[in-house]
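Read the structure below first, then the notes.
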Amino acid sequence: MRLVLLFIGFLFLSGCKEEKKSNEGAKKSIPERAALSRDSQIFLGNRLFSEKTCITCHDINKKKIGPSIKEIMKVYKSKNGDIFAFLKGNAQPIVDTTASQVAIMQANINGFLKGISDEELKTISTYMLHVDELNPDQ
Ligand code: HEC
């Protein structure tokens, strides 16, 4: 009798193992998404720039609470800065380094950008990088 129970127990355990294995297989088979074209990145970045409220402080052309996107990009291009690294919290600010201004922007990185994927963050930096091409000075 004890042997039979042991055998059933064994079947049960190996059954569980099997199930776990097939679950792992399912996790791995999540389909990959196709890479976004440059235009799609700009489109999505533009949309996220509104959704994540960046637009309330950063106008394209004029200074608002924060510097304009064009002003930011002028500095980033001339100093070879990395917007993605800054928004990720891995690089120091280079546009306005006044402590109170930096604190305002830092609050957004900690708040609105919390949990954003790298792919989405990249679309925001691509959008900012190309904003002057799409909105030439009048
Ligand atoms: C509440 C106002 C506010 C919001 C909202 C805001 N920013 Fe800013 N941002 C600022 C201010 C002020 C500065 C200037 C301080 C600085 O340069 O770090 C700044 C600076 C920046 C800079 C330049 C940083 C540097 O190197 O100096 C980038 C890039 C930037 N913001 C991107 C964004 C993005 C993307 C969003 C949306 C997720 C956003 N900001 C939302 C106020 C804001």
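Glycine is treated like the rest: Cβ placed from N, Cα and C.
Per-residue pLDDT, averaged along the domain 'Cytochrome c' (40-132), amounts to 96 for this model. The domain 'Cytochrome c' annotation in TrEMBL covers 40-132.
Sequence annotations record features per position, and here TrEMBL assigns heme c binding site to Cys54, His58. If you draw a 10 Å sphere around the CB of Cys54 (heme c binding site), it holds 21 other CB atoms from the protein chains shown. In three-state terms derived from DSSP, Cys54 (heme c binding site) belongs to a helical segment.
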